[in-house]
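Enquirer: I have a structure here, written as structure tokens, and I will follow up with some questions on it.
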Amino acid sequence: MTTVLQRRQTANLWERFCDWITSTENRLYIGWFGVIMIPTLLAATICFVIAFIAAPPVDIDGIREPVSGSLLYGNNIITAAVVPSSNAIGLHLYPIWDAASLDEWLYNGGPYQLIIFHFLIGIFCYMGREWELSYRLGMRPWIPVAFSAPVAAATAVLLIYPIGQGSFSDGLMLGISGTFNFMIVFQAEHNILMHPFHMLGVAGVFGGALFAAMHGSLVTSSLIRETTETESTNYGYKFGQEEETYNIVAAHGYFGRLIFQYASFNNSRSLHFFLAAWPVVGIWFAALGISTMAFNLNGFNFNHSVVDAQGNVINTWADIINRANIGIEVMHERNAHNFPLDLASGELAPVAMIAPSIEA
């Protein structure tokens, strides 16, 4: 008689947990980045919803003049926002346990810091989770690279800009009109419209929208007929089919004749790389622009660039923009200061209008 002994293959609880976390068979992939992403995004979302609805007014400027931001304190869906933490807090980390009471924490805008820090950690981990799932499936890593653009933009306005300005009270307000207020004040203080990196960001967003519309309409217009006139053309595609569902040669020929030959891609892979890269690079530059202006390396200043023979200024559009910027600057934070820095800097220093003559 032969006896066979075999050790039982029983994985311990930790190994089973690891297998479940990293399994690509789950309906939603979790991953190790997801272990951090899920609780942080949940915390940010729950706090945002509660604060947006019911947070009491916040002393944003640190001068004991609270600003109401929530729906229950008189705002509507357009004007409501989570108001940034107080200028009295500055760049200090302000968790709940650092305040003397919950009322003090709310008055100083503590929920804003809780939301943005958890949100930023969450989207960083979402980007890492994209890479992790791509790695597990044997895919190339360009999806998280593309997502790095909005991550960089969010990091710029929620973290880098407040660090450069010295206070989280200067961060992006979490609401609709609050976002517009941030944009307008940013223009007044940094002249962002005259910054080349912002211009590249505009080209990236508008160009990306244009290219997406062009690509979608070209493909839709050159579908290979698989259905009758009475059926939807969408039924002509079966998920996972090997053959192309549209005629790229026809699309290339059309667009090459509409513009010129070399404006049209004849390689599907390079085309789709271009469609991804254009808006991503543009938004990277926009985020870089915010991050440099955070430290007051501002947009171009062409004020008083044109003068006549008597030295009188001939206004250009740059001067019109400058006057608008100063007007906006004197209106915002109306009780925090009397004059903007541009007006409080003293008399203008004279500059030479002509080169001095050089004696031999």
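Here the Cβ of each residue, glycine as well, is placed from N, Cα and C on the backbone.
According to Swiss-Prot, the record shows the following:
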{"type": "BINDING", "residues": "His118", "note": "chlorophyll a ChlzD1 binding site"}
{"type": "BINDING", "residues": "Tyr126", "note": "pheophytin a binding site"}
{"type": "BINDING", "residues": "Asp170, Glu189, His332, Glu333, Asp342, Ala344", "note": "[CaMn4O5] cluster binding site"}
{"type": "BINDING", "residues": "His198", "note": "chlorophyll a PD1 binding site"}
{"type": "BINDING", "residues": "His215, Ser264, Phe265", "note": "quinone binding site"}
{"type": "SITE", "residues": "Tyr161", "note": "site 'Tyrosine radical intermediate'"}
{"type": "SITE", "residues": "His190", "note": "site 'Stabilizes free radical intermediate'"}
{"type": "TRANSMEM", "residues": "29-46", "note": "transmembrane segment"}
{"type": "TRANSMEM", "residues": "118-133", "note": "transmembrane segment"}
{"type": "TRANSMEM", "residues": "142-156", "note": "transmembrane segment"}
{"type": "TRANSMEM", "residues": "197-218", "note": "transmembrane segment"}
{"type": "TRANSMEM", "residues": "274-288", "note": "transmembrane segment"}
Enquirer: Taking only the recorded positions His118, Tyr161, His215, which one has a CA atom nearest to the CA atom of Asp170 ([CaMn4O5] cluster binding site)?
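Expert: Considering only the listed recorded positions, the nearest one is Tyr161.
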Enquirer: Using CB atoms and a 10 A radius, I'd like the single residue among the recorded positions Tyr126, Tyr161, Phe265 with the highest neighbour count.
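Expert: Result for the most crowded candidate: Tyr161.
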Enquirer: With Cβ-Cβ distance below 8 Å and at least 6 positions apart along the chain, what are the contacts of Glu189 ([CaMn4O5] cluster binding site)? List them in sequence order.
Expert: Asn298, Asn325, Glu329
Enquirer: Give the sequence-ordered set of same-chain residues, not counting His215, Ser264, Phe265, with Cβ within 8 Å of the centre of the Cβ atoms defining the quinone site.
Expert: Met214, Leu218, Ala251, His252, Phe255, Leu271
Enquirer: Report the listed stretch (118-133, 197-218, 274-288) having the maximum count of Cβ pairs within less than 8 Å of the transmembrane segment (29-46).
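Expert: Per the Cβ under 8 Å count, 118-133.
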Enquirer: Who are the chain neighbours of the transmembrane segment (274-288) in space, where the CB to CB distance is under 8 Å and they lie at least 6 residues beyond its ends?
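Expert: Same-chain residues near the transmembrane segment (274-288) but 6 or more away: 142, 145-146, 148-150, 152-153, 155-156, 197-198, 200-205, 207-208, 211-212, 215, 265.
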Enquirer: Using a 10 Å radius around each Cβ and counting other Cβ atoms from all shown chains, which of the binding-site residues Asp170, Glu333 yields the largest count?
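Expert: Highest number of other Cβ atoms within 10 Å: Asp170.
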Enquirer: In Å, how long is the longest CA to CA span across His215, Ser264, Phe265, which the record gives as the quinone binders?
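Expert: It comes out at 11 Å between the most distant Cα atoms.
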Enquirer: Quick one: Cα separation, His215 (quinone binding site) versus the residue listed as 'chlorophyll a PD1 binding site', in Å?
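Expert: Just about 25 Å between their Cα atoms.
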Enquirer: Compute the C-alpha separation of His198 (chlorophyll a PD1 binding site) from His190 (site 'Stabilizes free radical intermediate'), stating it in Å without decimals.
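Expert: Here the two Cα atoms lie 11 Å apart.
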Enquirer: Out of His198, His215, Ser264, His332, which of the binding-site residues has the smallest number of neighbouring Cβ atoms within 10 Å?
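Expert: His332, out of the binding-site residues His198, His215, Ser264, His332, has the fewest neighbouring Cβ atoms within 10 Å.
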